[in-house]
Every structure is written in C-alpha cells, then in structure tokens.
Amino acid sequence: MSKSLPYSVKDIHYDNAKFRHRSPLKVFSQSLLTLGTKRKYASCSTGKFLILILFFGVACLMLMSKSPNESVLNEKGKVTFVGGLRLGRLLRKPPRLPPRLSPDEGQLRGSSTNGSTIDPKWAARQQSVKEAFDHAWSGYRKYAMGYDELMPISQKGVDGLGGLGATVVDALDTAMIMGLDNIVSEAGSWVETHLLERISQKGQVNLFETTIRVLGGLLSAYHLSGGEQGTMNMTHVGPKPVIYLNIAKDLADRLLSAFTFSPTPVPFCDVILHESTAHPAPGGASSTAEVASVQLEFNYLSAISGDPKYSTEAMKVLAHIKTLPKTEGLVPIYISPQTGDFVGENIRLGSRGDSYYEYLIKVWLQQGAKLNSNFTYLHDMYIEAMKGVRHLLVRNSIPKGLVFVGELPYGSKGEFSPKMDHLVCFLPGTLALGATKGLTKEQALKENLLSFEDLENLKLAEDLAKTCFEMYEVTATGLAPEIAYFHTKDYSEDGLDGGNKSSMYANDIIIKPADRHNLLRPETVESLFVLYRITKDTKYRDQGWQIFEAFEKYTKVKSGGYTSLDDVTEVPPHRRDKMETFFLGETLKYLYLLFGDDSVIPLDKFVFNTEAHPLPIRNT
C-alpha cells in the first residue's frame, strides 16, 4: 500500500498563493512611492545611503530576473536564470511540490514505470498459448459447461472431482492473467450463479483435490480481481471479489470437517459436503502429500477473512509432522489419521509424496519467510529433506549420466528403484525457488544471499530440469510419459526406449508399456518457468516452446479442447479422450508466464499453490 502524502492538496494551493510572482517594475514603482512620502529622510546622510542601497538592489533584480515561464527548477530545487545565474534559497524558498511517487506507488496509480518490453518473438508465442487456452475453453464451454472435465473426442462432460465444475474454477485465474475478459465473465457468472448451490448439495469430495483446485481457484480469483485494497486488479468483469470470498468460506467451512472429525491433527481425506462430515479413505490411511498440501489455501483464507480457524487447523498438520521420525528429512507417502503416525516405509517424491516437500518451503515463504520466526521450523524441515534427497535419492543414469531422483519403496534399508514419475518434475522449480526465495540468481548473488546449501540445490535444480526435458525429447511425439525408469549399473531393460532413436539419451531412459500415457501434466513447464525467471537462461523458454508445439500437434482436438494420450512413443498416438482441469489451470498458465514479462505475478511477491493458483506473500 502506498504511503499517504505528507500534506494535503490545500497546502499546495496555499503555498502557491503565498508565493505569487511580483515583477521588478512593481518593486521599483512601490519604492518610488515610498520615497515620495518620506522625502525628509533624503536630507540626511543616512537617508542618502539607504536610497543608494535601494536603487542598487532594484538594479540587481532587473538584471537577474526574468519572466516566470523562462525560469526552471533544477533537481536541487534552485531557480536557474537565462544568463546561467542562480538565485538560491537565500532570497526565498520555492513552493513545496508534491513528493515524487516511488515506482510501486506509480504502479498503484496506473502509471507504467517498469518500462520493460517483451521480445516480439516471445510475445507472438505467448499469444499462441493464449489462443490455445481459448480453444481449450471453447470445447469445454460447448460440450461440458458445469461438469468437472471435458471429454473432447466424445464431446461431453464428466464429473470426476465431486461435481463442482472444477474446470471452471481452475481456469478462472488463468483467464484473468491472460486478459481474456469474455472467459472471465463466463466463468465468473457460472461461479456466482451455480457454485454455492453445488457445494450445499454435493456429496463426497477429496479434501486435497477440492482445496487445491476449487478453494485455491476461488481465493486466487478473489485476489486477482482486486479483493484486497491496494493490490492488483487484473479484471473489471465478472462478480465482485466478495462473491468469490463468500463462496470460498462456505466451501472451507465444510472442508474443515476433515480436521474436526479426525481424532488426531491428521485430517481424513474424504468430505461429505452437504452433511459437513468426513471419513477416512478405504484402508484408513491418507496420503502424506494430501494432508500437508492444504496450508497455503487455508492460511490465505484466514488472512483475508479475519478468522484464524482455517489456518489453525491446517497448520496443526505440519506442526505434528515435525514431531514424527524421518529418514534424513524424508517421510513415507502414507500417514494415519487414526494414530497420527506414518504408515509403511515407501519414500518417493512422486505421487502421494510430492507436494509435502513443495509446501514446506512455500508455506514458509508465504508467511513472510525470515520475518516470521514461528515458521522457521518449516524451512529447517525443507533443508533437511533436500539434503536427504541428494544423499539417498539422486543418481546418474548410464551411459550419458542424466541426473534423476529415484524411490525407496522399502525405506532407506531397502532396494533403490530408478523410477521417476513425471510428477517429480515439480522439484527443479521448487529447489530454485527455495534457493533464491524468488529473486533472480544474479540479484541473490549480488546481495550475498545464497548459502553453499542454496547453490547446491540450484545446481541440482538445473540438472533435474535437463532430465525432465529429455523425458519429452526421447519420445516419438516429443511428449513425456507418466513414468520413466533410468538405466543404471543395477537396472536395465532392452527394447523399451521412447521411440526417438536420434535422442542422445535413448539408452538412458526406459519407458514401460503401462507408463506411456500423457495426461497434459504441468510439472516440467512449471519448473522451466521458475528456472527461467531465476536464471534468465533462454534455453528454458526454447524448451517450453518445443513442448507446447508437441501439445499442439498431437493433443489438440479440432472441435474444441485438448486430449490426454495413451502412448507417447507412437506416431500417431492413440488418444485417451480426457482434458484434465490442470491443463487450463496449470500447464497453459505456466507456458503463458514463461513467455511473458517477469513483472506479471513476480516470484518474490507470490507463491503458487500446487495447482498453480497464485496467492500473495504476506507480511512483506
């Protein structure tokens, strides 16, 4: 928020009146009148001397003065005259002027102070992504409006996420960022008209999926539409921000039952919305990633609603996990709401484990990082976990030495698996963000903010980003499989390459038949976006464009929408007939931001939840 002016407009008018200009002629004539009325003073020597001084002063004024429009104020506030002479403040002070606005204050008033421009090539590519989003939305609007997801080939909708119109809410803030007001208006109107009723009538939903997609989408829409005074307003269409906030509170109140019904700080994973009740998943255990990846959303809701209950319940989870035993900071992928303990020994950064590590650093950043010592334990847990990743999970493939992150299905004492989900490709971006805290690498180095640990993590981020991109490059379609294995000295399978024989890593990456599908996932382009922002290395933009072109070539459906694929190693690939909500909420959003200007959603001012909904960093 900008600082108020140190004085009012009335002060300025008063000052200007007080210092009205008097011409030298008026000064001289007034002097003569004065002399005429007091001639007796001229008869004495003292009077003559005073008159001489008076005439000398008038002559100086006539020589040095000029018309008002010829004088200017220099940067130090002195008046400069035609002859190059300066009459300083000894004569009189200039009128006080309104203080110059800082760049931030200027932006808040709608002035452009950044001065940055986008390279025409990248502006054109960003426009292509915008058109892709419009095409994806057109298919959804035509065939599936109000359903969770579009089946673009069948041209119908399907509810797989509880029937809350997940695609609408997931896509809303992407449309705001892209400036697609027609879509913002359509999606916003649907949210205002239908979503509250859906929430009150629907049955079982997953706590995690509903929080990151629907609650996160509503909160981001609230902020980006100007919900907080003094912050950005990316759209002037759609509902008032308070509509998004009120619906978010109603939804969150029902989701809180996952916490209140559980006997421990670990929430149940399934919520019955219309009853505001909750129960555990079949088998009883919850995913560690799911229970530990709702804090960004609930924290922000508490901040803007003024009600601490949301943050209090959500943060109990991380505070509880802090007390549990870990393996060099790494944790199993299951946790029990009944006992509060971890279940099993399976350690991985793929499904059911991934966003636990992501939220450790992001929640710390969201709460003002080092400004808030109450959350220092999250940063400590993150640093310890990344040390554990480097020590226990990072390996190199053969023959070309790609760096990858594997799994420990039976804990640290069991056999290492060279399996890496595409989901793990969130990690390069998270490592880079954790290293520089959203600043560019150059700026962080200049300010001496990077520790040895940070530099190690940043190097690992760049190495892993290369591997994630090669998982695309190695296939016939140029699109990554859901899961890849890596050739090591202990593991090898023949005849399971990605189909691109010209790839130099064709013998390093193994893709099994059951893992060859592509769901339009965002994790790799997310990391390319973050790494480009932090390193400014244009290779990340080039790689992102190559991935986007492959999506356009093989997943675009002419009638509207994009579809997931069954097999990325074959051309043409068999199509799976489903457009996941995260393609609009994450994949296209990250590509759009990758090709755009850094001033849009800056990484040192926002954190993205694990569904790519930007939420502002607090207390900064």
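Cβ from N, Cα, C; glycine included.
The annotation active site, proton donor is assigned in TrEMBL to E209 (among others). Cβ neighbour count for E209 (active site, proton donor): 19 (other Cβ atoms within 10 Å of its Cβ, all protein chains included).
Per TrEMBL, active site is recorded for D354 (among others). Counting every protein chain shown, the Cβ of D354 (active site) has 25 other Cβ atoms within 10 Å.
There are 20 other Cβ atoms within 10 Å of the Cβ belonging to E482 (active site, proton donor). What TrEMBL lists as active site, proton donor is E482 (among others).
The active site annotation in TrEMBL covers E523 (among others). In the shown protein chains, 24 other C-beta atoms lie within 10 A of the C-beta of E523 (active site).
What TrEMBL records for T610 is Ca(2+) binding site. Applying an 8 A CB threshold to same-chain residues 6+ apart, the list for T610 (Ca(2+) binding site) reads I212, S293, D354, S355, E358, Y359, F426.
Residues or ranges marked as region 'Disordered' in TrEMBL: 93-119.
Under the heading transmembrane segment, TrEMBL lists 49-65.
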In whole Å, note down how far the CA of E482 (active site, proton donor) lies from the CA of E523 (active site).
11
Rounded distance in angstrom between the Cα atoms of E482 (active site, proton donor) and E209 (active site, proton donor)
19
